[in-house]
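This report refers to the structure that appears directly beneath it.
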């Protein structure tokens, strides 16, 4: 008993804890291993280099892991990752445990040991590594290292070669240095050591190694050498005697020169000075030389140091622009980008603290020019007043940023004290703190961004040095401005920002420790009016831009400052209303600088620039040649931009250029010529009643004095464009117009980016563009046309060129090409086109390859139009006759072929009627009516194609698949396909696109009246018309061949016909089927190239007469149709009695022979000479057939028996029992 009790007791304790053990085991399996002490495996890695491993490495990784490592680098870098160790559970397709690598372009999965020792690069500046494990089998995992690799030159400096035979750092061969009469040159440099020796930082020389431009240091001091003139710069450099301008940290130096001033501008350490150098007046630096960094002479060494961000412009910048020059202003001659340089790898060194490097998220691109002067064209940099302590400022990126800083944002001043334990250089401390601030506020719940970060100096310090504590511990005081955009009205207290920074203290770089943090919100400047008429609202410290009250398009500005020692104290700075007082010439010159070569203008920039120029033009009553030249150069620079960027502002730009030409001052001269690189303008005075100007031409100059040469007299030998005005140009002008006619304006466009047709039918512009206008009036419908001769942009054969003018009102005022009133003259050739136009505007030559109807000459167009209208009229009449015949006589429409023929005739009838009415309806200029006609024409064209295809399908069923074929509701299904399919296609087109883009007026000739309501979109045309017909056409060809094989096979068995009779019968069958199945529409496929015109004639003749041929072969020549006509329409001896032999023959279903089948095979093809027989006998009944009048002929018929099976019967000399036929 005791034993039992013990056993029972023992068993009791054995099973009692089992539920707990089960839960514990489940917990072990399900809880991620990081709970037991392994590191977190969902992190973002943004350090320049480092390592990461699988959880618990080098021990086995836990079960059920889902890890993600996001590796990020700044713009301009990629990430390279290397797997030093790799051991993950192996399985097919890595279905259990796996590591997935996403490089930005593709995703790759690894398992087993496949990735060990391999390296992978990201496609951009971010890479994702994910790792997952299942519930069983653990392995060692992986160990990976990563590093940033610089791919942008902005992140790399150049180590200058110290010997001429070491290597050369030069501008790439693809970059051509232009001839320079002025330049601005900026670069940053460092110098190693304190040797007082001569050196050269850069040199520019010709092919014979003659120095053309160089900068360096000689015994006499720092110099800039231009050609053979050496200009000393010591007086402009704020350095002591024998002190190097460059030290161990980078300093930027900018040099400015203009050959008309005789002085050198030097901008160094935010100080701009000029030094005289009269020997450089009128000198020009030749182009196509070789630019090197360092020295190209053996006797002079290169600067012993590094160079960075070397940029060169072929124009001058003033002190204000240079003081605000940002990293994103690209040099238009040479820029610090890989494409501009040929640099050996050993000369490059990547660093993360370069001034224009992208070690953080980059700021928006700054604009070149004074923002206060240019209004909305760019955003000014906020400058601190002179009363504030000096700062060293670093631009900071935006964290969770929006596109522009908002004035309603809340601004905080963050003051941090950093302990510099390892005594890092101040530049490095600044960089590390910047990274730390960026990472701290990245992906925060509040939308904030840091404006800048700076070292703060207390009063009395003359250098940027550290503050030292009592323990002589080096500390740095840094200030940063943080902007909070309270988009959701959520309050952000300063202590929350402070706690966020303190919490992230550990992420600071080694050797740096956060000592204290202080966050204070900045105050507001009060609203006020100063001076009168200028109202400044209450804002936080920032710049506020106010439109000039009496000068639309220009603006005044004022800055709200905060007190450095007490951020709650704010005050307004002085009002800058200089822009409101500027003359148009000064503003135009500033805009010209903004558009100078090399500037990367966006579409928004161009739109703003055009708007500014438009305001200048509208304001000025008379524009002198100086201002006009500046404005034309602005437009010329704009034309160098991409076509996509020009599209939005093209219409306004063209209107402004026209207005500019009209306002050019001619009081002191009879004509004005302005030439630029991409644009030329010529304006000449003109008196009514005279022929002072009979022609104008523009061509390339005989020398290099200007871009183009313009001539109003004899013309040039081979001009790019010329205009010949008719002698009666100014006749019959009204008195009002005569007053306005005082000038003629001609504008030539070398670049055609402003002429982009966004309409659905986009033709290709193959010539330059020439604009002509007389005063400010509209002249059209000239008795004698204006002759415009325009060169093609490329010498090539342009088949059927189209002369067109630019219609500013087309395409919802975006503009588009219009051919009305212009035709191409026969004197045109491969290199140029001669256009004759009856009005004035912007003229160009287009090429429209696929649809060439509008490219025919006037004679062929008239002939083809005449043939089409006459043919369609005849076709409509006889299609109506065919349809009326079958509708009127009930006996004719009992069989299926007759019903199919009726539907085909209906589609043809409406197609021809709509075609005849289309041109007349177009003349009403009612868009809705034109679209409706085009839609109906499209529908009935597709319906015609469809019913021709159904004819072919029916013949195949009747002649080839003759046994055991039964289709319920045969005609109903054909009607659904015949009318429903075209309706579906047209409905889809109408639903998927704007009706105005698909259907509308289309020009199909060169005369003004050659317009047609039809499909405008070429894609819709080729898919729904050409493609649709192509399918039906090839189907009909296949059916045509099959049917003809059947006919010829049966007719070939007859022995009582001569060869001539056999050929004629087969030929008649071919002709009747050709028109019935629409085979003549296939001529369209051959209307290309030299055979274009002949096949267009064949196409027009046969297809416009299709209704006539169908009437002849499938109505008039049918015996049962003739019988009905004679019975009901004829009188006297021509009338046929109802009980005639002919009638009996047909009524008793005595069929003609297969040659008669061929004779009238058709839509009424099968059994066409009699009605179809629907047998009333049972399937077991016997049917006998009567002998035909031709005893040797075999008659052929199809009929449907009661059960619905299609039957085939033969009639011969002997009565044959065929069964249930």
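Cβ atoms are placed via backbone N, Cα and C, with glycine included.
Looking at 206, 903, Swiss-Prot tags one of them with N-linked glycosylation site, and that residue is 206. It is 1070-1090, from the ranges 1049-1069, 1070-1090, 1133-1153, that Swiss-Prot records as transmembrane segment. Relative to the membrane, residue 837 and residue 1117 are annotated in Swiss-Prot as lying on opposing sides. Each of the recorded positions 136, 505 was scored by the number of other CB atoms within 10 A of its CB, and the lowest score belongs to 136. Touching of the transmembrane segment (1025-1045) and the transmembrane segment (930-950) is concluded from the presence of at least three CB pairs under 8 A, sequence neighbours closer than 6 excluded. Those same-chain residues not listed among 89, 97, 134, 136, 137 yet with C-beta within 8 angstroms of the centroid of the Ca(2+) site C-beta atoms are 63, 91, 96, 133, 135, 138, 139.
Nonlocal intrachain contacts for the transmembrane segment (971-991), taken as residues 6+ away from its ends with a CB within less than 8 angstroms of a stretch CB, comprise 896, 899-900, 903, 907, 935, 938-940, 942-943, 945-947, 950, 954, 998, 1020, 1024, 1028. A distance of 57 Å separates the Cα atom of residue 136 (Ca(2+) binding site) from that of residue 600 (N-linked glycosylation site). For residue 134 (Ca(2+) binding site), the nearest of the glycosylation sites 324, 505, 593, 750, 818 in terms of C-alpha separation is 505. Taking each Cβ in turn and tallying the other Cβ atoms within 10 Å, the top scorer among the binding-site residues 89, 97, 134 is 97.
Annotation note: residue 137 (Ca(2+) binding site) sits in a coil segment as assigned by DSSP. Neighbour counts were taken as the number of other C-beta atoms within 10 angstroms of each residue's C-beta; across the glycosylation sites 206, 818, the minimum falls on 206.
Neighbour counts of Cβ atoms within 10 Å were taken for the glycosylation sites 593, 600, 750, 776, 811; the minimum is at 600. A C-beta separation below 8 Å, combined with a sequence spacing of at least six in one chain, links residue 137 (Ca(2+) binding site) to 89, 96, 97.
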